[in-house]
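Here's the structure we're looking at; comments come further down.
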Amino acid sequence: MSDLTLVLLGAGNSSRFGLDVKKQWLWCGNEPLWLYVTNRFTDMFPFHDVVITAHPKEIPFYKKFCHHTIVKGADTRQQSLLNALEMVKTPYVLVSDIARPCIQKEVVQKIIDNRSKAACIVPYIQPADTVVYKNETIDRNEVKLIQTPQLSSTDILRKALTQGKEFTDESSAIQALGEKVFYILGNRKQHKLTYKEDMKLLNCLQKPSATKRIGNGLDVHAFCEDRKLYLCGIEIPYDKGLAGHSDADVAIHALIDALLGAAGFGDIGELFPDSDETYKDIDSKKLLCETVRLLRACGFVIEHVDLTIVAQNPKIGPFKEKMKESLHDLLQIPYHLINLKATTTEHLGFVGRNEGIAAMATATLHYFDWSEI
């Protein structure tokens, strides 16, 4: 059994990236970048375990893609790594950033082969440009540009990261502890993705698949007294409202389920559970806006939505255009890509008895095409 665990750091907010989509959720073929990098590593070496850090809200989504250990990331890279190290049981750990996807097998193998030589094995490259420090030109042959992955003694790394200082990588933390670091030559292809312009350097990545992803949503709410009726985010004049934990906007709820279904991200109850008082009586427009923000951050583009409201009463026709305008504002997609229909059940069933309203939705998504940047 291997004595080495792989830790991949992917909990960042991509604040410097300059796009709505997070770096770890750029799609390569039909895989998000974090999964592509994970599979690239696991194809190279039989790790004892793989631990991936993720933003807390995204952990349920990561778990739908793989069976690796997913842990909660933190505000800093260092704290995220400490969280991951709590799950590491092996004497050695290989740490890398998901934002450095073009990992070269020969570099990884060289790192692993040299693991007994120091507390940390570090790949580096030398700068090709002139280097100036404080207005003084220095010998660039004495300068090392540090890369990941880096292999460390697990116990020493844990100790190094708890010195009360913030470090930008494992090697600097271990050096500050007075432990030995061993450098090996890395590879210039192992670029780190920080800014959107860096995408042009990552020629190892396959462009996103042209796959269309389609999801369906269905929701039902019963009528109740003493509540206002909301559909598609607008108030509908009626003598009853709908019962529910939130404002019970049945149309928006069906649409959220369709969007999440297309992304493969579960359903509205997983994302906004009714056991959470945060969502008590909440305006469903806020839930839809958060869903749209999340889908964009995870690399999806909303291509089209189709929504059917099933109600005996009130009559929906007079409000359809206003509803479409509301959805246009919430989804932030062109007006003509939103289709809204209304029907009755001809007095059949609970809808026909005027006991409640149902809604059905279909959503089509595609992947954000970063190759066109």
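Quick reminder: no glycine exception, Cβ is built from N, Cα and C everywhere.
Record features, source Swiss-Prot:
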REGION    1-213  region '2-C-methyl-D-erythritol 4-phosphate cytidylyltransferase'
SITE      ARG16  site 'Transition state stabilizer'
SITE      LYS23  site 'Transition state stabilizer'
SITE      ARG140  site 'Positions MEP for the nucleophilic attack'
SITE      LYS192  site 'Positions MEP for the nucleophilic attack'
REGION    213-373  region '2-C-methyl-D-erythritol 2,4-cyclodiphosphate synthase'
BINDING   219-221, 245-246, 267-269, 272-276, 343-346, PHE350, ARG353  4-CDP-2-C-methyl-D-erythritol 2-phosphate binding site
BINDING   ASP219, HIS221, HIS253  divalent metal cation binding site
SITE      HIS245  site 'Transition state stabilizer'
SITE      THR344  site 'Transition state stabilizer'
Largest tally of Cβ atoms lying within 10 Å of a Cβ, found at which of the recorded positions LYS23, HIS221: LYS23
Minimum Cα separation from ASP219 (4-CDP-2-C-methyl-D-erythritol 2-phosphate binding site), reported as the residue among recorded positions LYS23, ARG140, LYS192, HIS253 that achieves it: HIS253
CB contacts for ILE268 (4-CDP-2-C-methyl-D-erythritol 2-phosphate binding site) [other CB atoms within 10 A, all chains]: 26
Spatial neighbours of ARG140 (site 'Positions MEP for the nucleophilic attack') that are distant in sequence (at least 6 apart) but have CB under 8 A: GLN126, PRO127, ASP129, THR130, VAL131
Euclidean distance between Cα atoms of ARG353 (4-CDP-2-C-methyl-D-erythritol 2-phosphate binding site) and ARG16 (site 'Transition state stabilizer'), Å: 55
Residue from HIS221, ILE268, PRO273, THR345 whose C-alpha is spatially nearest that of LYS23 (site 'Transition state stabilizer'), among the binding-site residues: ILE268
Distance [Cα-Cα, Å, rounded] between ARG353 (4-CDP-2-C-methyl-D-erythritol 2-phosphate binding site) and THR344 (site 'Transition state stabilizer'): 11
Nonlocal neighbours by CB distance (under 8 Å) for HIS245 (4-CDP-2-C-methyl-D-erythritol 2-phosphate binding site), same chain, sequence gap 6 or more: ASP274, TYR279, LYS280, ASP281
Three-state secondary structure, which DSSP defines for ASP276 (4-CDP-2-C-methyl-D-erythritol 2-phosphate binding site): coil
